[in-house]
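As written in TrEMBL, here are the features:
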type	residues	note
DOMAIN	63-203	domain 'AAA+ ATPase'
DOMAIN	257-346	domain 'Clp ATPase C-terminal'
Amino acid sequence: MIGFWTKIKDMCLKGKERREIEESWCYPLEMRLKDNIIGQEGAILTVAAAIRRRENGWYDGEHPLVFLFLGSSGIGKTELVKQVARCLHKDNRKCLVRLDMSEYQEKHEVAKMIGAPPGYLGHDQGGQLTKELIKCPNAVVLFDEVEKAHPDVLTVMLQLFDEGRLTDGQGKTIVCKDAIFVMTSNLASEEIANHVLELRREAKLGAEQRQEGDEVSEKVTLSRNFKERVVQPILKSQFGRDEFLGRINEIVYFLPFSRPELLSLVTKELDYWSRMALNRHNIHMTWDKEVLNVLAGGYDVRYGARSIKHEVERRVVNQLADAQEQGLISRGCTLHLTVSYPKDKTGRNSEEVAPTIKLQHITEAGHEIAPNTGANENKFFSLATKFFSLVTKS
């Protein structure tokens, strides 16, 4: 009987609706959210589960869905919000609203959010938030760095989260119970990062003591005790009201990148610059696996993926720009990145001096070639190397 009604319902579905349902079966939300995000599997699963409840009717229809994303800078919080908006609204940019809460640190800036009352300057322009919610009542709204907002701004947000509606400066009520509100914050980020790193060190030490040969998994989970004992007091101290925290459906934790995730981040950055070199300059780029390990060493937990991006730019892209400026590389060539380890007095790799990333010019046969002679002879030999290579010390 169930199968019969399922067939009838399927026959009634329009082509677009059927395609969307088939897509959700074959390509779950978790997979779609992971497309442009490295790591943060726990955060993605938490967000996807909450959205799935809402999308399938298993939620309180009187209140919007509210998230608080916690974690260090450059760790994927904002990117996940963008991916949620893209998945739910099919790349409709009007349905992603982003408010930088550092612009709402003063009491009078409430008017900037909801619009000034009649008779005040700019009352006919409306508020930055209310204007966008009128256009798209089911938008994904990002309150970036919410801890910087003035308490009066938080009061407006509490009304929004609690009732799913907002009254603008002109007295017009905007109903937005189907919207998704995401707050991001760096609150407790240092405590979270230090705790996660300690858990990973303990897991590695335990594996070494057990003499396990397999690679130790760096996946960790924050305990309920840690959240209640460490994180919750910080949040209460900042927001001051239990009712504000009580309107948050899910507090989502973003953890420092593990070693495999760092290698993926480095690979992503090198792939980006490899495509750039090919498209802009017709230059092919390859690299040794050890290059990934060396560049991953530039990770700074305080700045997340941004620290990897800056490390690649400093140690690789700077070399490319310098070589091009000196006329040492040309269109159509192939460049290969290797690692050079300084030696100590015993001939072993030195632990005191950081390894260098070496840029080599490779022939079609895969060999490093000596510089040409002629017009550029002095320029080449000024490098004081036998082969055409550039070395930049970290």
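Just so it is clear, glycine is given a Cβ too, placed from its N, Cα and C backbone atoms.
Counting residue by residue with DSSP, the domain 'AAA+ ATPase' (63-203) contains 66 helix, 28 strand, 47 coil. When pLDDT values are averaged over the domain 'AAA+ ATPase' (63-203), the model yields 91.
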